[in-house]
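S.K.: These came from TrEMBL, pasted as-is:
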type	residues	note
COMPBIAS	11-21	compositional bias 'Basic and acidic residues'
REGION	1-33	region 'Disordered'
TRANSMEM	58-84	transmembrane segment
TRANSMEM	130-149	transmembrane segment
TRANSMEM	198-220	transmembrane segment
TRANSMEM	232-252	transmembrane segment
TRANSMEM	273-292	transmembrane segment
TRANSMEM	312-335	transmembrane segment
TRANSMEM	356-379	transmembrane segment
TRANSMEM	385-406	transmembrane segment
TRANSMEM	413-437	transmembrane segment
TRANSMEM	443-463	transmembrane segment
TRANSMEM	498-514	transmembrane segment
Amino acid sequence: RDSTSPIKYSKGVEGDSKVGKADASVQGSGDSRGSCLKNMSCFIPPDYRHELVQLLKLAGPVIISQLMVFMISFVSTVFCGHLGKTELAAVALSISVRRLSLILSGFELYPSTCFMQTYGSGNLKRVGVILQRGVLILLLACFPCWAILINTEPILLAVKQSPEVASIAQLYVKIFMPSLPAAFMYQLQGRYLQNQGIIWPQVVTGVIANILNAIINYIFLYCLDLGVAGSAAANAISQYLLAVILFAYICCRGLHKATWGGWTLDCLQEWGPFVRLAIPSMLMLCLEWWLFEIGGFLAGVISETELGAHSIVYELMALAYMFPLGFAAAASVRVGNALGAGNIEQAKLSSKVPIICAYVPLFLSPSIISICIFFRDILQRVADVMIILGLLHLADAVAGVAGGVLRGAGKQLIGALCNLVGYYFIGFPIGVSLMFAANMGIVGLWTGLCISVWLQLIFFITFMCKLDWKKAAEEGYVCYDNLTLTKTTISVMTTHKYVMLYVLTLSGWFLPWLS
C-alpha cells in the first residue's frame, strides 16, 4: 500500500489494532492458499504427478508441432475460401484426394515403432539403420500416390462432381505433387526425433515455415493474382521448407550424431516385417480417415454449398483434435517405451494419465468459422452441424488417446477391425441414409459419423480395460539379427477432435477397470 493507506499509517492504538488485524488477515489468507495448493498436490498420487509431468513434456511440443503442420493446409483453405465457392470446393476436394492417395502413409508408422523401442533399449546405431530403411520405402511409396493424384479429375468426375470443380482440383493437385517426397521426409524426421524425446525442433521449424507460408500465399494470391494455382504452389513450397529447415536444424545441432552411423546395406534388409507391421497401422489410421474424405465426395454430389460446409467442419474438427493428438502421441511413446523395457506397471500408468488429460481441452472452443468463409449459406450449414460436432468431439478426443495407447501396445490390428465394423458397417450406412433418403444433407452424414465415433470409444476403452499388459509385453518382441525390437506403433492420429466437460464423469467408471 502507498502512504495514503489509512490502515498502515493510522495513529494510536486503534490504528495499530487495524494493522495487526490486516496483517493477520493477509497471513491467514496466504496460509489458506498454501494449504489449498498443498491439499491439491496431495490429492494427486506421486506416480501420477510424475507421469503427468513427463506426458506434458512430450505432449505440449507435439501439440504445437502438429498444429504447425496442420496450419500449412488450413491457411491454403482460408485463402481459397475468400476466392469463391467453386475455388473453396475445388481445394477441399483436392485435399481429400491427396489424403485418400496416401494409402501408404501407414508406412510412416512402422519406423516410429522401431525408433521408439530401439532407442529405449539403448541400441542407438540401430535407430539410424531404421531411418535409412524408412527413407527408401517412403520414397518408393510416392509412386503409387502420384499415380492416384495425376488422375484426380477423372476420379472426381466418376463420383459425379462438378466438371469445373474437378478441373480446378486437378490443377491444385498437379502443382502440389512434387512436394510429396518432402512431406514424407518431414514426417519421418519428426518421428525420428519425437521417439527420442526431442520435440522442439519441429516446433521451431513449423513456426518458421508457417510464417513463410502465409507470406507466400498472400504474395501469390493477392500480389501476383495466381488464384488457386498460387495457393497450391505456396503449399508445395512450404512442404519443402518444413523438410529442409528441420534437416538443417538436425545437422547444425548434431542431433543425429548419437544414432547415425552412416549409410549401410543393412537398410535393404528386413522389409518384410516392415510391411507386415505397417499395413495394420495404415488400416487403423486410414479406415477412419477415408470415411471423412468420402463424406466430402458425397457432399459435393448435393451442392457446392454442402461441400464447402463439410470441408470447413472437417477442418474445424482437425484443428480441435490437435490437443488430444498430442496426448495420444505422448501416450504411445510412454506406453511403447515401458513395454519395450518390460515395465508393465509403468505401461498401465502411462495409459491412465493421458485419458484424464484428454478432458482438459473441453474448456477451449474454436470460434474461427468466420475467418474461413464469407458466404452466409455455407456459414449457416456449418452452424447446423456444430451441435453434432460437439457430441462427436466428446467421444473422439478420448477415443483418439485410447487408440494411441492401443498402438503403443501393438494392438493396431484390433483397432483397424473396430474401425472397419463401427464406421463402414454401422455408422456410414446410417449417415448416408439420413443424408439422402431423409434429405438431411451433411447434418445426416455427420450424425452417422458421430455414432461411429461413440462406438469406437466404447470398444477402445473396454478393450484397454481388459488388456493383459504382461501378455502384451511378452508378445511384443521380435528378433532381428539378435537385436530385440518391440511391435508397437506410435499414434499419428487422423486430423480431428477434442472433448466436452461432462466426460470427466466417465473417468469414474472407466479408470478403475485399468488398475
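Heads up, the Cβ atoms here are built off N, Cα and C, so glycines get one too.
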S.K.: May I ask which of the stretches 58-84, 198-220, 385-406, 413-437, 443-463 has the most CB pairs under 8 A with the transmembrane segment (232-252)?
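M.R.: The stretch with the most contacts is 198-220.
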S.K.: Checking distant contacts: for the transmembrane segment (198-220), what same-chain residues at least six beyond its ends satisfy Cβ-Cβ under 8 A?
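M.R.: Cβ under 8 Å, 6 or more out: 58, 60-62, 64-65, 67-69, 71-72, 75-76, 79, 190, 226, 230-231, 233-235, 237-238, 241-242, 245-246, 249-250, 253, 255.
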S.K.: Against which stretches of its own chain does the transmembrane segment (443-463) lie, if we need a Cβ under 8 Å and a gap of at least six residues from its ends?
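M.R.: For the transmembrane segment (443-463), the sequence-distant neighbours (Cβ-Cβ under 8 Å, at least 6 residues beyond its ends) are 288, 291-292, 295, 298-299, 310, 313, 384-385, 388-389, 391-392, 395-396, 398-399, 402-403, 406, 411, 414-415, 418-419, 422-423, 426-436, 510.
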